[in-house]
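Chemist: Before we start, here is the structure in question, set down as structure tokens.
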Amino acid sequence: MNRRQILKLVGTAVASFLVTTSLPAVAPSPVLAQSKANLLVSAAASLKEALEEIKPLYQQTNPNTNINYNFGASGALQQQIEQGAPADIFISAGKKQVDALEQKGLFLSGTRSILAKNRLVLIVPKNVVGITSFYNLKDSNKIKKIAIGEPRSVPAGQYAEQVLQKLKILPQVKSKLVYANNVRQVLASVESGNADAGLVYVTDAKISDKVKIVVAADEKYHSPIIYPFAVLKSSKNPDTAKEFAKFLTSNQSKAVLQKYGFILP
């Protein structure tokens with residue numbers, strides 16, 4: 001091989017190297033991670049344990065859905081939503097709050113349903129004896145403070161006042177009433193002894209080992225205790241919200257609700 005042939009071979013190799021190194025590196029296309037859908041459910045405080053247990057059941061088959069809860073008094077949650085607070089689903093412990101939002105056109109059409117029903121009960125601290133009926137609430141020696149929810153914002157408080165009124169004992173016990181921001185605060189007041197008695201849902205009484213149920217209120221003495229819910233028009237993930245709303249009425253969810261003492265609609 002002469003000198004000219006050697007130079008030609010070297011030139012070809014250098015040119016090939018330059019072309020190769022000047023080409024942009026083509027990286028393998030990354031697999032796009034599936035984005036998570038976030039849901040915010042504003043729900044009545046009395047649903048806390050049941051909804052917390054329903055959440056992982058839904059996520060077993062829907063791992064890309066992140067569910068957060070905002071628990072509180074139904075009336076307070078209603079006001080938050082009316083004032084523009086974010087929420088995808090609203091679950092109330094009373095019909096009144098959902099009706100108000102529906103009248104303002106805040107729900108997606110066809111998404112309203114009923115999750116469950118409940119019972120109202122009279123409770124006292126576990127070690128208390130001698131209280132056997134609502135009429136004992138008039139006894140000033142045994143009962144000095146009666147805890148109920150604030151009737152204007154807490155459905156359980158509204159039901160409690162209805163019962164006391166129907167039994168014609170509201171005037172005698174009104175001065176003893178202490179008002180709580182939600183039904184769980186009523187329960188806590190009786191548990192701690194800050195109140196001598198309280199009116200809560202049977203589902204609240206069942207989760208506590210510090211109180212006992214005296215008697216259940218006759219259902220004819222108060223408005224029906226139902227938990228209506230619906231998907232909000234303002235939801236950023238309406239399709240996912242509808243899917244979760246549907247799951248709330250599934251057999252899996254119903255089993256959890258019954259476990260905590262809720263009555264199926």
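FYI, residue positions are counted from 1 along the chain as it appears here.
Each Cβ is built from the backbone N, Cα and C atoms, and glycine gets one as well.
Note that TrEMBL annotation is computational and uncurated.
This is the feature table in TrEMBL:
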BINDING   SER46, SER74, ALA156, VAL183, TYR201  molybdate binding site
SIGNAL    1-27  signal peptide
Chemist: So, three-state DSSP: helix, strand or coil for TYR201 (molybdate binding site)?
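Modeler: Where TYR201 (molybdate binding site) sits, the three-state DSSP reduction gives strand.
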Chemist: Once SER46, SER74, ALA156, VAL183, TYR201 are set aside, which residues in the chain still have Cβ within 8 Å of the Cβ centroid of the molybdate site?
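Modeler: Filtered neighbour residues, in order: ALA44, ALA45, ALA73, ALA93, ASN118, GLY149, VAL154, PRO155, ASN182, ARG184, VAL200, ASP204.
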